[in-house]
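**Q** Following this message is one structure expressed as structure tokens.
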């Protein structure tokens, strides 16, 4: 029986490349000359720290970062940015988390979405991924389109497609 897994992962190497590209652009931009502005990736806890002298510049840095990550194949929805920026001394910063794995509430929404679609497939939650099995490949491709089309707040990848 054909099956596949629904996962939500961020390739840390691609994230590092995107952060490096963003830092390179910030260093060459005229509006950031003479300004303390940094973007750092912390591999251990999978966060990106964006720091600058004003909250407006932090927003600009986040826009640059999102654009560079998108070019590296990482969608902006996989970056969890808090609404409030932290003001410390003369700098503003924000720590954005990279979303890894699918939370249980989102998993339940996906399973409910699949069951409500009346397709002849089964969805099982396995840790931080969802295994979908069905009799026909067409049903599985319909599930892929359904999950991509559903607004669930984070990007999903499909792995281990078996026929």
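Every residue, even glycine, has its Cβ placed from backbone N, Cα and C.
Okay, these came from Swiss-Prot:
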BINDING   33  3',3'-c-di-GMP 1 binding site
BINDING   135, 136, 137, 138, 163  3',3'-c-di-GMP 2 binding site
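Could you give the neighbours, burial and distances for every feature on this list?
**A** Of all the Cβ atoms in the protein chains shown, 9 others lie within 10 Å of the Cβ of residue 33 (3',3'-c-di-GMP 1 binding site).
Under the three-state DSSP scheme, residue 136 (3',3'-c-di-GMP 2 binding site) falls in the coil class. Its Cβ placed at the centre, residue 136 (3',3'-c-di-GMP 2 binding site) has 13 other Cβ atoms within 10 Å.
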**Q** For residue 135 (3',3'-c-di-GMP 2 binding site), which residues of its chain lie six or more apart in sequence with Cβ-Cβ distance below 8 Å?
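**A** When sequence neighbours closer than 6 are ignored, residue 135 (3',3'-c-di-GMP 2 binding site) has 1, 2, 120 within Cβ distance under 8 Å.
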**Q** Between residue 33 (3',3'-c-di-GMP 1 binding site) and residue 138 (3',3'-c-di-GMP 2 binding site), find the distance joining the two CA atoms and give it rounded to the nearest Å.
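**A** Just about 54 Å between their Cα atoms.
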**Q** CB neighbours of residue 138 (3',3'-c-di-GMP 2 binding site) within 10 A?
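**A** Within a 10 Å radius of the Cβ of residue 138 (3',3'-c-di-GMP 2 binding site) lie 11 other Cβ atoms.
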**Q** So around the 3',3'-c-di-GMP 2 site, 135, 136, 137, 138, 163 aside, which residues have their CB within 8 A of the centroid of those CB atoms?
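**A** Near the 3',3'-c-di-GMP 2 site, the remaining chain residues are 2, 134, 139, 140, 141.
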